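A short worksheet on the structure shown next.
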Amino acid sequence: METKNYLQDIAHIKTMMSRSSRFMSISGLSGILAGIYALVGAALAYLLLNTYPQYDYYDRTILTDDLGTDLFSQFLGIAILVLAAALVTSAILTYRKAKKLNEDIWNPVSKRLLANFAVPLITGGLFCLVLLQYGILGLVAPATLIFYGLALINASKFTVGDIKYLGLANVLIGLVATQFVGYGLYFWALGFGVFHIIYGAIMYHKYDRPSPKNGK
Amino acid sequence: MKNIIQHINKAFDHRIRLGIMSVLMVNDFADFNMLKELLGATDGNIASHTKALEKEAYIKVEKSFINRKPNTRYIATPAGREAFTKHIEALEKLINPNE
């Protein structure tokens, strides 16, 4: 009977340590959905490219003339839509999960999580604008992947799960993508689409799925 | 067995104090409200248990003002960290004597 008390003590220590330093409510399902949005967005972008048959995507001088700027704004529109949909979905799902776990969605840990995520991401966003400014378009896609990956790695200290590996994977294919300029769309689809779906599925399977046996 | 029991620290022999120390081990500091929320305890409860830990010199209290509102921060002292680590080790040994 004594031992049971000590077990409870250890369990209590563990929950307090993780609850005070890690944000638990990030939803795996939102990863899957974000990945799907990204794939749909990439498919739309691909179709859009095909409506400009005179345009060669693999030509590195893409997006420099009038036709290009038109295409560019449509691309940007798709990207913003995908981003907005992913953000809104994950915000809603995280809010729901936080409510279920009885965790405050806006607590010191989630604030730190967000700050650590935002710094590399905003840096990356500004850096991409600079790339656009100098017309180095081929490196925009790799740069977004690399900075997004770094943001994930930086944020991973404040949440549970394997988000660090999603970050590493994104940094890696971002670096690989630098060697295949012109294929940015495919790397985007892989990094933001496929990787998120795989990651979300693993997370959902591990943490979210209602399991009959309450393991651990 | 006897000397394991010796390492079980009476100062941590309470759920709230155990919780306060756990939070402070993994955070640079915690303020009063954060502890209250995390532990689900009342003001008086947190106040008396932090006072007990402060008396043992296991935690340090820093009072300041943020936007003219009083703010109390708690920080684990090196002595507190050491004592708590020993306490956890003793607990683990009691549960798993073979290791």
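Including glycine, each Cβ sits where the backbone N, Cα and C put it.
Residues or ranges marked as transmembrane segment by TrEMBL: A:23-49 (among others).
What TrEMBL lists as transmembrane segment is A:71-93 (among others).
Beyond the transmembrane segment (A:113-132), the same-chain residues lying 6 or more positions past its ends with a Cβ under 8 Å from any Cβ of the stretch are 23, 139-140, 143-144, 146-148, 150-152, 154-155, 157-159. Residues annotated as transmembrane segment in TrEMBL: A:113-132 (among others).
The transmembrane segment annotation in TrEMBL covers A:138-156 (among others).
As annotated by TrEMBL, transmembrane segment applies to A:186-204 (among others).
Simply put, out of A:23-49, A:71-93, A:138-156, A:23-49 has the most Cβ pairs sitting under 8 Å from the transmembrane segment (A:186-204).
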